[in-house]
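Accompanying notes for the structure given below.
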Amino acid sequence: MAKLNFGGTEENVVTREEFPLSKAQDVLKNETVAVIGYGVQGPGQALNQKDNGINVIVGQRKNSKTWDKAIADGFVPGETLFEIEEALEKGTIICYLLSDAAQIELWPTVKKHLTPGKALYFSHGFGITFNEQTGIVPPADVDVFLVAPKGSGTSLRRMFLQGRGLNSSFAIFQDATGKAWERVIALGIAVGSGYLFETDFKKEVFSDLTGERGTLMGCIQGIFAAQYDVLRSNGHTPSEAFNETVEELTQSLMPLVAENGMDWMYANCSTTAQRGALDWWKKFRDATKPVFEELYNSVATGKESQRSIDSNSQPDYREKLNAELAELRDSELWQAGKTVRSLRPENQAVEA
Ligand SMILES: NC(=O)c1ccc[n+]([C@@H]2O[C@H](COP(=O)([O-])OP(=O)(O)OC[C@H]3O[C@@H](n4cnc5c(N)ncnc54)[C@H](O)[C@@H]3O)[C@@H](O)[C@H]2O)c1
Ligand SMILES: CC(C)(O)[C@@H](O)C(=O)O
Ligand SMILES: [Mg+2]
Ligand SMILES: [Mg+2]
């Protein structure tokens, strides 16, 4: 494993150079990787493994939309697509990719099929870390590890098809066979990770829950809404407010940050903008830091996981979720966004 310097701290990472696909294929050549669940991560990970020449099968409930999606994606019933129990029986590595709440319900069935030497793979530290809430306690004679792609399963697949790779963290919770390390790294490469950085189950779930509730999803929508509202209440049009809040960020400035960091993006804006941004960023940091402290505490005390379990296990979960998503979709901000997106030249019909 290479040790790299991350801003002054040395950390372990595994690159594709160190662990090429050919090595992953060799490690996994006698394994049957059973991907259980075909929601968001399931398709990304299963398809990337299939395209990478790994012996992968999918376990999914028959007569479900995602069963049909798996067929449309090229998995063949009776050959590479099975009912969940059949896939659990055939798999030597079980990739447990149901939603975190659904993993609780299916756990007794999964456990039954975890015979000695098999491996249980997660993409999140949730089930194991919060085992008092989930009841997920694996037998001692199986390997237990995770590869957690740091992004949506949709991006994992898209980036793979573009010849790129999303980065993932990996962790080993239990090494029963003595081969957990090569198995987990091989899987990490096979699912399309660009590189893998080391963590443990608890750190993965604490950081992941914080990130998605924070800057990645929750906080960003919150600050978009706040700035948009201020602009609108001061008489700015929806198009101006949206462009100055969201469109410029996603289309122009964040790609520059992704390429070369925040200072470089600042350096490529006007001296006027630089002055203002440098004056204001610490004020925003100080205003939001207490909220992030509250959030981390809510994660670390198990409040967030319990809330996810309680709400995501309800039978009308999908309907309630759709209503909450509709509230966002129908808001003026995102309706303005829809029009703005339609105006991007690449989204306009080509003129004859
Ligand atoms: N969504 C992502 O992009 C993402 C990113 C990183 C990690 N993860 C982790 O990956 C894992 C899978 O997440 P996901 O978002 O792909 O899951 P998901 O919510 O898309 O659900 C996956 C599958 O679970 C099935 N399912 C739901 N309830 C079921 C039940 N009771 N019995 C049988 N099947 C059931 C659904 O049909 C679906 O096919 C989770 O641990 C999650 O935290 C997800
Ligand atoms: C894609 C995310 C937000 O990184 C993931 O953590 C998830 O739970 O979907
Ligand atoms: Mg997450
Ligand atoms: Mg995440």
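The backbone N, Cα and C atoms fix where each Cβ goes, and this holds for glycine too.
TrEMBL: automatically predicted annotations, no manual curation.
If you check TrEMBL, you get these features:
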type: BINDING; residues: Asp208, Glu212; note: Mg(2+) 1 binding site
type: BINDING; residues: Asp208, Glu244, Glu248; note: Mg(2+) 2 binding site
type: BINDING; residues: Ser270; note: substrate binding site
type: DOMAIN; residues: 9-199; note: domain 'KARI N-terminal Rossmann'
type: DOMAIN; residues: 200-347; note: domain 'KARI C-terminal knotted'
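Here the features listed in TrEMBL are placed on the structure.
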{"residue": "Asp208", "record": "Mg(2+) 1 binding site", "Cβ contacts under 8 Å, 6 or more apart": "His124, Gly125, Ala148"}
{"residue": "Glu212", "record": "Mg(2+) 1 binding site", "Cβ contacts under 8 Å, 6 or more apart": "Gly218"}
{"residue": "Glu244", "record": "Mg(2+) 2 binding site", "Cβ contacts under 8 Å, 6 or more apart": "Gln227, Leu231, His236"}
{"residue": "Glu248", "record": "Mg(2+) 2 binding site", "Cβ contacts under 8 Å, 6 or more apart": "none"}
{"residue": "Ser270", "record": "substrate binding site", "Cβ contacts under 8 Å, 6 or more apart": "none"}
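Mapped onto DSSP helix, strand and coil, the domain 'KARI C-terminal knotted' (200-347) counts 126 helix, 0 strand, 22 coil.
Ligand 3 lies within reach of Asp208, Glu212 from the binding-site residues Asp208, Glu212, Glu244, Glu248, Ser270, judged by a C-beta closer than 6 angstroms to any of its atoms.
Proximity to ligand 2 (Cβ under 6 Å from any of its atoms) holds for none of the binding-site residues Glu244, Glu248, Ser270. Residues from the binding-site residues list (Asp208, Glu244, Glu248, Ser270) with a C-beta closer than 6 Å to any atom of ligand 4: Asp208. In the predicted structure, the domain 'KARI N-terminal Rossmann' (9-199) carries a mean pLDDT of 98.
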